[in-house]
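One structure below.
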Amino acid sequence: MWRGGRLSSRGVRFLETLGFACPSAVAEPPRVTSWTAFSGNQLTRNLQIKPWEFSGHRTMWLRSYRITFSCLTRLKTYRSSWKKLYSTSQTVDSKEVKTFQALAHSWWDEQGKFAPLHSMNDLRVPFIRDNLLKTSTNHDPGKPLSGMKILDVGCGGGLLTEPLGRLGASVVGIDPVAENIKIAQHHKSFDPVLDKRIQYRVCSLEETLNENAECFDAVVASEVVEHVNNLEMFIQCCYQVLKPGGSLFITTVNKTQLSYVLGIVFSEQIAGIVPKGTHTWEKFVSPEKLESILEPNGLSVETVAGMVYNPFSGYWHWTENTSLNYAAHAVRARAQEHLEPAESA
């Protein structure tokens with residue numbers, strides 16, 4: 001923009017693009033030898049302005065400079081804020097965020113782009129409930145998860161968060177996409193009971209960890225791990241926010257040739273069951289790979305079950321075959337379980 005102290009034609013076009021009314025002198029900008037000279041006779045010499053023209057030119061030029069620098073500062077601030085949103089997290093993928101920003105308005109359309117997720121609740125909600133009740137002493141059939149605190153990671157518009165809240169749990173839903181949280185907040189506001197039980201936050205899992213170490217009875221990451229950047233770090237964070245003995249629930253897509261053909265080619269490109277670009281096959285993870293990450297990080301795999309979606313009926317079913325979708329339940333070891341046999345004797 002500046003060449004040898006002169007504002008180039010490219011710089012002029014940039015100012016005009018920003019909507020500035022540049023002085024006519026910009027067409028032939030004066031040479032500036034010192035940016036510290038902004039007053040008196042020295043300014044008239046540096047800008048090559050005649051003394052009797054100094055007042056008008058000074059006002060016009062300084063006004064343009066102030067506007068330009070102010071605008072550039074704001075642009076730099078916005079750019080820094082945009083980067084900060086993602087730089088604070090090593091698990092959030094900015095490309096994935098942009099994909100779901102464009103889909104935020106569709107969350108609660110049961111016949112729309114997220115219809116398979118609505119239908120998946122028929123499997124994943126009982127899966128979470130039943131496994132949590134194995135270690136629960138609560139016998140309230142109306143609110144079986146009462147007294148439990150659950151973290152729903154990547155909650156989106158709250159499709160799974162709300163059913164868990166209706167079962168009596170206190171649920172915190174987090175998502176890096178502000179548009180998703182806005183939709184979720186709006187939807188829960190129609191139910192006064194859910195409005196009290198559910199909290200939503202625009203943040204990453206790492207940010208939640210800073211204030212919620214060993215705070216949750218369960219962490220849910222449903223259809224999330226295939227979208228994160230650093231899976232091992234993600235699992236480590238899940239472990240750290242769980243109470244000893246807490247449960248981690250994951251539903252995701254296996255990394256197989258069949259999942260590529262049906263999960264991406266057919267579902268996204270041919271049938272349009274899910275929007276194009278929703279999934280990246282390289283990020284799919286097999287049950288074996290997932291277990292190899294969970295176990296060294298203190299999470300013992302209790303259950304792995306296959307799931308299959310019928311696009312014609314719109315329903316999900318359990319299956320022994322995990323080559324497409326599957327659900328996993330892992331448990332963080334309790335404190336006493338870490339003791340050596342000699343110590344626990």
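Note: Cβ is positioned from N, Cα and C throughout, glycine not excepted.
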Report summary line: Checking Swiss-Prot, the member of S204, S222, S247 that binds S-adenosyl-L-methionine with R124, G154, D175 is S222
Report task. Counting other Cβ atoms within 10 Å, pick out the least crowded of the recorded positions R124, K149, K196, H227. Result -> K196
Report summary line: By Cα geometry, the one of the recorded positions (K143, K149, G154, D175) nearest E223 (Mg(2+) binding site) is G154
Query raised in the report: For K196 (N6-acetyllysine) and D175 (S-adenosyl-L-methionine binding site), what Cα-Cα distance in Å is obtained after rounding to a whole number?
Result: 19
Report task. State the count of C-beta atoms found within 10 angstroms of the C-beta of G154 (S-adenosyl-L-methionine binding site), not counting that atom itself. Result -> 26
Query raised in the report: Using a 10 Å radius around each Cβ and counting other Cβ atoms from all shown chains, which of the binding-site residues D175, E223, E226 yields the largest count?
Result: D175
Requested in this report: By CA-CA distance, flag whichever of R124, K143, G154, D175 among the recorded positions is nearest to E226 (Mg(2+) binding site).
Outcome: G154
